[in-house]
Amino acid sequence: MPRRPSTGTQSDTPALHVVPSFYGVYLLQSEPKPSSFYIGSTPDPPRRLRQHNGDLKAGGAYRTKRAGFRPWRMLLVVYDFPSKVSALQFEHSFQHCHETRHIKQEERISKNKLSGRTLHHKVANVALLLRSSYFRHLPLKVLVFEEAVYNSFMNNKFVTCSHVDLLNTNFNEYFSVMEKDLDSTVDSWKTRHTNENEIWSMAKEAVILGSPRCALCLEPIEQVPETSSPISKRSDLQRYLQSESLPLVTMCYNPQCRDVFHLSCLGHRFTNSDGFQSLIPATVNRCCSCNAKLEWRTLAKIATKLRYYVLKDSLQLPSQVLENDDNYESQNVNDS
């Protein structure tokens with residue numbers, strides 16, 4: 001039977017990737033049944049936990065709705081994924097630690113689908129994934145909300161937990177949106193978004209409203225699309241982006257610098273510095289102008305957000321193009 005012609009399905013919808021402000025993979029534990037765990041991913045952990053516990057009617061997951069398992073508590077969140085796709089890759093690997101390609105067979109502590117049900121196993125598997133050849137190149141961090149989980153990392157029963165970027169905190173305090181007299185250097189949900197809003201305002205002023213040149217190649221930067229034709233297909237958008245008519249542009253977010261760069265120019269400089277060549281930039285680099293420390297993830301976030309800001313109206317892109325939904329339902333609950 002011949003294939004039916006495309007009717008503009010979701011897979012054909014043009015979508016621009018934007019590095020999310022927050023995307024994490026979380027581990028839940030049932031309070032009535034402590035040996036039952038659930039693994040999922042979300043851009044909004046407080047909202048997601050309320051869905052799992054039935055406080056919100058919409059959302060949640062079938063497996064966490066079963067009688068006798070609620071309430072659930074969130075034990076940890078692995079976060080700072082550069083995309084929803086990379087978060088789902090980590091989530092799937094976390095759910096299938098006994099067979100994932102991201103943990104070497106000789107290093108696996110979960111030997112089959114039914115093994116690895118203790119908290120020590122969960123913590124050790126997180127650490128194994130974080131040091132894998134793929135995920136270690138992402139600047140991933142771990143939030144821990146329970147003392148027992150933190151102690152498990154510290155005890156390091158399976159000798160896997162070295163070099164984990166760990167923050168031991170309180171779930172409600174970290175994700176609080178209430179005004180608090182917090183030190184601006186404290187890592188929290190509120191200060192994180194406040195800092196990002198300030199950086200975004202600087203970026204728009206420097207790149208969109210100004211007439212900058214790349215501080216490396218000295219070429220002028222024009223953030224104006226060369227076409228106003230609406231784009232209705234993903235393939236059309238890909239062809240437009242590959243034409244390099246609107247390159248990714250970023251900015252040093254040191255307020256005393258604010259120099260503008262092509263992301264490709266920075267990437268080339270960061271991967272060919274000090275006579276050493278690497279495949280990808282380090283997670284933290286130095287500004288070529290002011291020598292301030294810059295996170296590559298933040299530079300990429302600025303660049304993708306600027307591109308979306310410029311293109312979304314000019315090319316009449318659909319409004320829902322960001323990777324920020326959490327409708328994916330995990331299929332992994334370990335029951336006692």
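Residue numbers in this text run from 1 along the chain shown.
The backbone N, Cα and C atoms fix where each Cβ goes, and this holds for glycine too.
On a predicted model such as this, the values are computed, not experimentally measured, just so you know.
Here is what Swiss-Prot says about this protein:
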DOMAIN    21-104  domain 'GIY-YIG'
REGION    37-57  region 'Disordered'
ZN_FING   214-290  zinc finger
Average the per-residue pLDDT over the domain 'GIY-YIG' (21-104) and send me the rounded value. 95
Taking DSSP states H, G and I as helix and E and B as strand, how many residues of the zinc finger (214-290) are helix, strand and coil? 18 helix, 14 strand, 45 coil
For the domain 'GIY-YIG' (21-104), the number of residues DSSP places in helix, strand and coil: 23 helix, 21 strand, 40 coil
